[in-house]
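K.L.:
Before I ask anything, here is the structure I am working with.
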Amino acid sequence: MVPYTKLICILLSTMLINMSIMLVLPFYPIVANERGISELMIGLVFTMTPLLSCIFSIFIGKKIETIGRRNTSCLGLLSMAISLLGMTFITSLDNAGFLALSLISRAFGGLGLACIYISNMSMISLEFPTKLESYISMMEAFGGFGLMMAPIYSTYITEELSFSASFFFISLSLLIFIPICWIFTGSKAKVQEIEEEIKEIAHAKLNKNMIIDLCILIYCYTVLCFLEPSLSLYLASRGVSDYFIGLVFTGLTCCYTMTNFIMAFLSKFFKVYKIVPYSACICTFGLLSAGPVGEFFDSVYLSIFGVIITGVGVAIAFVSVLPSIIHEALAIGNCEDSIAEDLSGLVSMGMNMGEITGPIFSGIFALFFNFSGSCFILSFFGIALLFAHLLLKTKGHKNKILLFIDKQLDIK
């Protein structure tokens, strides 16, 4: 029963963290714009969390064995609580203080995001190795619920109480959840024995196959975060109402969440690590449908379909890439328990890189291309990755290694 209480804590912490980072989306840009803060600085505030999360992921993945998984998870919850507590007081400051405290708060949010994702994926890989794909899918499905709940909760609390109250209540919830997480995510004897047996922690070495998989993950999250700032303006220019634009984003998030839930149940019937290329294929198809194909047929609904379907591709990337790189690491002779933290940190960093590059591409492409052209250009990266996966990824090397070992034993 104890491992499943740990799983519940992992799922709830992922949901709370994702909900926390999305609280700024509905009303923060409006409040900042009313104060006369430029769109560039608003974009910087939004970028701060994934940027700092990417940076912290590098160090946390290497130091989590020293810090401890439970400590890292609680540190993530505390950091996010501090982040939201800071956002609670920004409206009481002048513009300089408003912007400075926003940046500092979002930086703490980046630390919280990195800590939670790395510690949670590490705990799942060590505590539930036989159900890794299923529980990773379930974890991100709960994260998707958090993303869906954030704008609904924020809208209700802001209308009924205030903008600041929406941050305060979630901050309070995180602080209450910290002791619960501490109690139910303690290290199991099995994990402690593994740690005692490993004298020197072997850090994961990347091979060509792992790099291709990681690039696919970065590409899928880049597509998602490219669409977030670009899509609203494009649909508005096509005469779509603000309410319907909101429904499109809800559909995208819902599609992402449901795919994760479906994969959590289907993963027992096939090897999830084999479906990595389908994520890039679906995201590329979605980009082309949303941009050039939708514009060619002058169909807003085709564009909307393309956007929503990318949620499926991003979910498949998240579900399949970690099992895939673990499979590759084991195939080249690594011990899964000794590199779990490194690989979890690597996946977290890949997602963060996509979350950073997506808005950057959106801003740069907008200077030279329209939305359709930007989608067309970005889709070439996906096509290139599909060819790389098809032509460059080494097949069957695990069998070759085992055959080589067998021959050596026969000789002896």
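Each Cβ is built from the backbone N, Cα and C atoms, and glycine gets one as well.
Sharing the features that TrEMBL gives for it:
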| type | residues | note |
| --- | --- | --- |
| DOMAIN | 6-400 | domain 'Major facilitator superfamily (MFS) profile' |
| TRANSMEM | 7-28 | transmembrane segment |
| TRANSMEM | 40-60 | transmembrane segment |
| TRANSMEM | 72-90 | transmembrane segment |
| TRANSMEM | 139-157 | transmembrane segment |
| TRANSMEM | 163-184 | transmembrane segment |
| TRANSMEM | 214-237 | transmembrane segment |
| TRANSMEM | 243-263 | transmembrane segment |
| TRANSMEM | 275-294 | transmembrane segment |
| TRANSMEM | 300-322 | transmembrane segment |
| TRANSMEM | 371-392 | transmembrane segment |
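Structural setting of the listed features?
P.N.:
Long-range Cβ contacts of the transmembrane segment (7-28) within its own chain (Cβ-Cβ under 8 Å, at least 6 residues beyond either end) map to 42, 45-46, 49, 73, 76-77, 80, 83-84, 87, 102, 106, 109, 112-113, 116-117, 120, 123-124, 127-128, 135, 138-140, 142-147, 149-151, 153-155, 158, 163, 166-167, 170, 173-174, 177, 180-181, 184-185.
Through the fold, the transmembrane segment (214-237) approaches residues 43, 50, 206, 244-245, 248-249, 252, 276-277, 279-280, 283, 286-287, 290, 300, 303-304, 307, 310-311, 313-314, 317-318, 321, 325, 346-347, 350-351, 353-359, 361-363, 365-366, 371, 374, 378, 381-382, 385, 388-389 of its own chain, all at least 6 residues removed from its boundaries and within a Cβ separation under 8 Å.
Tertiary neighbourhood of the transmembrane segment (243-263): same-chain residues 133-134, 137-138, 140-141, 143-145, 147-148, 151, 227-228, 231-232, 235-236, 272, 304, 307-312, 314-316, 318-319, selected by CB-CB distance under 8 Å and a gap of 6+ residues from either end.
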K.L.:
Short question: which residues 6 or more past the ends of the transmembrane segment (163-184) have a Cβ under 8 Å from it?
P.N.:
2, 5-6, 8-9, 12-13, 16, 19-20, 23, 27, 31, 70, 73-74, 77-78, 80-82, 84-85, 87-91, 153-154, 157
